[in-house]
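Peer 1: Swiss-Prot feature annotations, pasted as is:
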type	residues	note
COMPBIAS	553-562	compositional bias 'Low complexity'
COMPBIAS	569-586	compositional bias 'Basic and acidic residues'
DOMAIN	312-394	domain 'Ig-like C2-type 4'
DOMAIN	398-501	domain 'Ig-like C2-type 5'
CARBOHYD	N143	N-linked glycosylation site
CARBOHYD	N301	N-linked glycosylation site
CARBOHYD	N484	N-linked glycosylation site
MOD_RES	Y603	phosphotyrosine
MOD_RES	Y604	phosphotyrosine
MOD_RES	Y661	phosphotyrosine
Amino acid sequence: MLRMRVPALLVLLFCFRGRAGPSPHFLQQPEDLVVLLGEEARLPCALGAYWGLVQWTKSGLALGGQRDLPGWSRYWISGNAANGQHDLHIRPVELEDEASYECQATQAGLRSRPAQLHVLVPPEAPQVLGGPSVSLVAGVPANLTCRSRGDARPTPELLWFRDGVLLDGATFHQTLLKEGTPGSVESTLTLTPFSHDDGATFVCRARSQALPTGRDTAITLSLQYPPEVTLSASPHTVQEGEKVIFLCQATAQPPVTGYRWAKGGSPVLGARGPRLEVVADASFLTEPVSCEVSNAVGSANRSTALDVLFGPILQAKPEPVSVDVGEDASFSCAWRGNPLPRVTWTRRGGAQVLGSGATLRLPSVGPEDAGDYVCRAEAGLSGLRGGAAEARLTVNAPPVVTALHSAPAFLRGPARLQCLVFASPAPDAVVWSWDEGFLEAGSQGRFLVETFPAPESRGGLGPGLISVLHISGTQESDFSRSFNCSARNRLGEGGAQASLGRRDLLPTVRIVAGVAAATTTLLMVITGVALCCWRHSKASASFSEQKNLMRIPGSSDGSSSRGPEEEETGSREDRGPIVHTDHSDLVLEEEGTLETKDPTNGYYKVRGVSVSLSLGEAPGGGLFLPPPSPLGPPGTPTFYDFNPHLGMVPPCRLYRARAGYLTTPHPRAFTSYIKPTSFGPPDLAPGTPPFPYAAFPTPSHPRLQTHV
């Protein structure tokens, strides 16, 4: 029943309203509005079925119902009131106009929804601190600060541009400068400028909703930067010994004030300016050349190393190695060069390559491996010299003993035996031994041992020693026995035998006697010929007429014996005249004899000799005897053949010799002129002459003796 009554009531109500007319209502209500400061704001309002009073309120304050809104000079209402149009206009809009506005139909009790009026204030052009030209130092971090001041609404956004390109926002940040003043903001751009940033343009733009295009402020960077250096070398690849020119170029703000050159960190003395000329060597490969350029801001340097081609240079030489027999040995050496050298190992004096590389290994060495090993480096480029270094391998082994040649010795004279010892390690002792004894050092009876270093060592066998065994007063047994020289060290013992050779005195004495006899004979022949010729020239007339004898008697005491040739005598008248010479030591006395005077005043003893000189006597009698007999036995060659020399004597009319030469008074007349060579005082057996082979028979008659 109740459900049926409700629709009926609604129908009746609708019919009643239709007869009374439409009620007042809003055809258009104001909406929120954003207006730039200084522009016009329009808030629309339209009512339907209302012909009463319409007014606007500002944040609840009624502005009035008249169209021109008295008291609000910048406000007015426009539109056809009959049509219900009541729009509110504000021009120019100011910041104080920002409020909430409502359109009200007072008599109908209608109020529109509130409309918020927002007044936008465009930002002013920002300011960059230090602009329009900002001076910075290249390489030093710096900040660019941009500020926007004023009552800009909303708060502006500050953006940075470089050469028209927006920079990343991560490089700057924005700060509100004053609370309640949204327009006062600041933006800081952090950057590290470089030399290429000199003259660059940076733009700070303040942008907001009030001014979407924003306002810009531009600045220019003026950079001070240390020198930027470029170092070049010409040529860059050279051979050792060639010239190289380094050129150091730099750009700087402010200008360059100085250059400094260095090589391997050490200053190059005398180098100034941007150009350096050098002669390349191997050190330029590992020691770069650097150029440092300075100005008021700072300094910068660049360095470069040359590609120097050079031959091998020894960096680590091989060290001597000493090992025992059977152990391994190794050598190592290091070379450098450009290009890298080829390293090989050989043995000194050999051509066989034992190995290559920096290390040579010799397994289980023996004594034959001892010696000098050569580490040789060959240049990797033709035209470059190689190099070599040596090291000695010493193989520790038992001593090596060698008997040295010893000179033969005379019986009962001194003798010496020597041996050479090489050993590594050095021998503990060197011992001489023979049948009945041994001696290491010092003396023992007739034996004396001396040991001293050898002048040279044999490669790889260790230092050398020479041990000498001296024997005084040799005996027959010394020439038949063996002498042993032995040496020992911690690895063993070595030895060698030496024997003593015997030397015969006779051949030497014979040679000396022959030479002395020949020399004496030659001198006497020359003297006789000279005397003959001289007398012949002085008394040729007298001697040609007379054939008397010139007789030289013995000494005044009459002790001299006369030979058969002296028995022929004559009267004083038969002998002819007495001849006196100025250059002879023979004086003819009144008795017809020649007296001998000592020309040496007694320094040499001249024994008296009686010689009969028969002038013109036929050969074969008196002074002229048969040719001398040889000094040796028949069938053996004589020491000196007198005949060839005496045959060369020119003929002398004084002697009228038919044989053509002067003979000796006795076959051994010249033996007394032989003077044996002294060989030292040997021990002689009792009753034995010192040199039995030099004791010649004494002639049976006196001989003329003098000193040669």
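Positions of Cβ are set from backbone N, Cα and C atoms, glycine also.
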Peer 1: For each of the glycosylation sites (N143, N484), count the other CB atoms lying within 10 A of its CB, then report the residue with the highest count.
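Peer 2: Result for the most crowded candidate: N484.
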Peer 1: How far is it from N143 (N-linked glycosylation site) to N484 (N-linked glycosylation site), counting Cα to Cα, in Å?
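Peer 2: Here the two Cα atoms are 101 Å apart.
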Peer 1: Using Cβ atoms only, which residues of the same chain lie under 8 Å from N301 (N-linked glycosylation site) while being at least 6 residues apart in sequence?
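Peer 2: Once residues fewer than 6 apart are set aside, N301 (N-linked glycosylation site) is near V229, R260, S290, C291, E292, V293.
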Peer 1: With DSSP helix as H/G/I and strand as E/B, how many residues of the domain 'Ig-like C2-type 5' (398-501) fall in helix, strand and coil?
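Peer 2: Result for the domain 'Ig-like C2-type 5' (398-501), in helix, strand, coil order: 4 helix, 59 strand, 41 coil.
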Peer 1: By the DSSP assignment reduced to helix, strand and coil, which category contains N301 (N-linked glycosylation site)?
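Peer 2: In the DSSP reduction, N301 (N-linked glycosylation site) maps to strand.
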